[in-house]
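Everything on this sheet refers to the single structure shown next.
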Amino acid sequence: MNVIETKIKGLLILEPKVFGDDRGWFMESFNQKAFELILQERGLNIPQFVQDNHSLSQKGVLRGLHYQLDPYAQGKLVRVVQGRAWDVAVDIREGSETYGQWVGVELSGENHKQFWIPEGFAHGFIALEDNTQFLYKTTNYYNKKSERGIVWNDPAIAIEWPIGDIDNILVSNKDAEVSTLNIMKGLRLS
């Protein structure tokens, strides 16, 4: 497993080893011991995953930026198994030196990359191809009352979404009606 450390401490891009030949390929998509060692070597908290989620999105569907308040905050290990997506995490940890900064990575069924997003981050993605299937493990269960969001195009965050060839961005009403990061600053976010 190749591990890429990002500009924000705790956000990691994981590249599993893929073994292939003319018959196809094989990879170990998750190994608890290996994942714990990766985090432990970097002095990061070791989570316990409690739920797996699977979504299907068409090109231009943008989901996020989502997070949950404590005690229901979620860490997520995300990957795309079919299609392509631009995946983003925004640091919303109060007092963090990188508060309001973001990291993005292209995840695809071809590159097999995974993105570890610990608690204290807002998360979102845009599907870059039709029939993009997104899988993610979470460290806490979904809790509707603690669910929050930040608008995807918040100018204070200035995420560089790769939307040049996307004619129509599709955002749910719920995601379109959330606040900006500046409005959220006074609230307990993590």
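Glycine residues also receive a Cβ, built from the backbone N, Cα and C atoms like all the rest.
Remember, TrEMBL labels are computer predictions, not curated facts.
The active site, proton acceptor annotation in TrEMBL covers His66. Long-range Cβ neighbours of His66 (active site, proton acceptor) (same chain, at least 6 residues apart, Cβ-Cβ under 8 Å): Ala122, His123, Gly124, Glu147, Arg148, Gly149, Asp175. DSSP assigns His66 (active site, proton acceptor) to a strand in the three-state reduction.
Taking the Cβ of Tyr136 (active site, proton donor) as reference, residues of its chain lying under 8 Å away and at least six apart in sequence are, in sequence order, Asp52, Asn53, Lys76, Leu77, Val78, Arg79. Annotation comment: TrEMBL describes Tyr136 as active site, proton donor.
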